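Chemist: One structure is given below, represented as C-alpha cells, and several questions about it will come after.
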Amino acid sequence: MSIDALKNELPEYAKDLKLNLSSLGRETELDDQKKWGTFLASAHAVGEPKTLAAIKAEAETRLSDEALTAAKAASAIMGMNNVYYRFVHLSKNKEYATLPAKLRMNILANPGVDKADFELWSLAVSAINGCGLCIDSHEAELRKHGLTTTQVQAAVRIAATVNAIAAVLAAES
C-alpha cells in the first residue's frame, strides 16, 4: 500500500488528516532519515495494519536497512519504557523513582544510527504513548544534539497525524 492509497482509505471527515499527511511528507525541517524514521517509528507504535503497511513501503524506499531497524527498535523499546516510566512518574509513591528499572535497554546505547535520530524517533513514540517523563528526557537530549524546537515539533506533528490516521482506520474497519 502506498501513501496515496492510505490517504484514499480515509473518509471525507478526516480530510484534514489527508492534507496533514501530504504536507508532512514534504516537510523540510527534517532530513529524510529523521522524517521517514519518525513516520515508521510512529506507525510501528500505533500498529494499525494499513497505516503501517503504507508508511513502511514508503520508508523502505528512503531509509537504509540500519535506519529501518532502528526506527522499529525505537518503537519497541519505547513501548516498554513509556509504560514503566509513566508509572514511575504518575505514581504517588515516589519510592519507585529511586529503584533501578531492571529492564534491558541496550539499544539505547548503540541504536545503529545517529543518536539524535534515534532520540527523535523515541520522542515521537513517547508522545503517542503519553509518557511525559520520557518526552522531557528525549527533548532535552535532542536539544543537546542541536535540534531546534521546530524540528522537534515537526516530529511530533508526524506522530500526531500518524496516530490519528490509525485511529480513524481502526474505527472504520
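Residue positions begin at 1 at the first shown residue.
Placement of Cβ uses the backbone N, Cα and C atoms for every residue, glycine included.
In case it helps, Swiss-Prot gives these features for our protein:
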ACT_SITE  CYS131  active site, proton donor
DISULFID  CYS131-CYS134  disulfide bond
ACT_SITE  CYS134  active site, cysteine sulfenic acid (-SOH) intermediate
Chemist: What is the number of other Cβ atoms found within 10 Å of the Cβ of CYS131 (active site, proton donor)?
Modeler: 24
Chemist: Under DSSP, is CYS134 (disulfide bond) part of a helix or a strand, or is it coil?
Modeler: helix
Chemist: Output, ordered by sequence, the same-chain residues six or more apart from CYS134 (disulfide bond) with a CB under 8 Å from its CB, or 'none'.
Modeler: MET78, ASN81, ASN82, TYR85, ARG86, SER122, LEU123, SER126
